[in-house]
Amino acid sequence: MEGLAVRLLRGSRLLRRNFPTCLSSWKIPPHVSKSSQSEALLNITNNGIHFAPLQTFTDEEMMIKSSVKKFAQEQIAPLVSTMDENSKMEKSVIQGLFQQGLMGIEVDPEYGGTGASFLSTVLVIEELAKVDASVAVFCEIQNTLINTLIRKHGTEEQKGTYLPQLTTEKVGSFCLSEAGAGSDSFALKTRADKEGDYYVLNGSKMWISSAEHAGLFLVMANVDPTIGYKGITSFLVDRDTPGLHIGKPENKLGLRASSTCPLTFENVKVPETNILGQIGHGYKYAIGSLNEGRIGIAAQMLGLAQGCFDYTIPYIKERIQFGKRLFDFQGLQHQVAHVATQLEAARLLTYNAARLLEAGKPFIKEASMAKYYASEIAGQTTSKCIEWMGGVGYTKDYPVEKYFRDAKIGTIYEGASNIQLNTIAKHIDAEY
């Protein structure tokens, strides 16, 4: 009878013969993927480059972060409850965003912008979201979608016309989603038919953020449905254009101060000069801007979760039950430590994606990771905070229930969580 060791050895040899080729020999150097992390590691190893911690900021970034924190606490915080209850953003808040230079963060000073970094935009959104996620997304859309698309793809005339307005007084709105085109956004049906020097738009849009206040709409419409998504083109449409109808704002669970409206286009004539970029490239522009926007949404969810956490911890340090603080119970301490660790992980994912974008490195996978994780953690954090505060956390007398309601949208808009997972998996497949 063969000994056990012999049988095991034979079994291991047989198993080894059926291993995937990537595991055929332990002597072969491990496969290095083409991910941005691997590239960064190789750069450090080969070139001796020193990288500062992700939470190291320039003096300008620190100044912006500090001033936005002060603005949010002093001018936005007192109005949050009223804006949420009335589903209306106060004009003073919108004016304050423009006056603070927060509606044109990356726009060149030549056009009235701040001329700051993309990470500055992320820090601004994070700080605003700590106080009100509605105000944060209002600022996020303007900066990461509207301004970015015009800066990158606009003609000199378009930039000269619209950027000075967008940095000082005019709100922009991004119009992609439709009733039958949500996650499958390129199934949109809005048409743009050429008539002389104009394009005539017909169709409808849904879930359009900031529509109630917008003076400029960046509209995706198809100039040739026979070629599918390759006919999608971007148009700049002014609010007062005849035939453009803005519907009643939706009555939403969260982000109630941020208007979300349906739009209808009935023979809306748009000059050919208002095409943004090239005809048929709208789908590329939309994908590119949404990839960047996902980092902005990650920052929004991160800030929201951190704001809720910051409000809750002082309460559980003061609340006495069974003769001691809630915070002194080890079971609760472990929950707090777990949530704090998740928040830090979400922050590092978000900042890393922003740094990669600024460095001109591939960032799409990292943006999806940041958006996915920050959104999921925001939901978990706000839920835990309500539990820790108990009954008072469940009432509208305290802001934690609003944080909880606001957090849910993170797993839905600018790419649902499952879409982010698809994107991440697609990149992993390509890397290996």
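Glycine residues also receive a Cβ, built from the backbone N, Cα and C atoms like all the rest.
Database features, via Swiss-Prot:
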- 174-183, 207-209, Arg319, Gln330, 387-391, 416-418: FAD binding site (BINDING)
- Ser183, Tyr229, Tyr283, Asn291, Glu292, Gly293, Arg294: substrate binding site (BINDING)
- Lys70: N6-acetyllysine (MOD_RES)
- Lys70: N6-succinyllysine (MOD_RES)
- Ser183: phosphoserine (MOD_RES)
- Lys284: N6-acetyllysine (MOD_RES)
- Lys284: N6-succinyllysine (MOD_RES)
- Lys426: N6-acetyllysine (MOD_RES)
- 1-33: transit peptide (TRANSIT)
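With a 10 A radius on its CB, Gly293 (substrate binding site) counts 23 other CB atoms from all the protein chains. Max Cα-Cα distance over the annotated substrate binders (Ser183, Tyr229, Tyr283, Asn291, Glu292, Gly293, Arg294) is 21 Å. Listed in sequence order, Tyr372, Ser375, Glu376, Thr411 are the same-chain residues at least 6 apart in sequence whose CB falls under 8 Å from the CB of Ser417 (FAD binding site). Using Cα positions, the member of the recorded positions Lys70, Phe174, Glu387, Lys426 nearest to Glu292 (substrate binding site) is identified as Phe174. Candidate binding-site residues: Phe174, Ser177, Gly180, Ser183, Gly293. Nearest to Lys70 (N6-acetyllysine) by Cα distance: Gly293. Cα separation, Lys284 (N6-acetyllysine) to Glu387 (FAD binding site), rounded: 43 Å. The least crowded of the binding-site residues Phe174, Tyr229, Tyr283, judged by other CB atoms within 10 A of its own CB, is Tyr229. Once Cβ contacts within 10 Å are tallied over all protein chains shown, the binding-site residues Glu292, Glu387 are led by Glu292.
Under DSSP, Glu292 (substrate binding site) is assigned to a helix (H, G or I) in the three-state scheme. Comparing local CB density within 10 A for the recorded positions Lys70, Lys284, Arg294, Lys426, the maximum falls on Arg294. A helical conformation is recorded for Tyr283 (substrate binding site) in the three-state DSSP classification.
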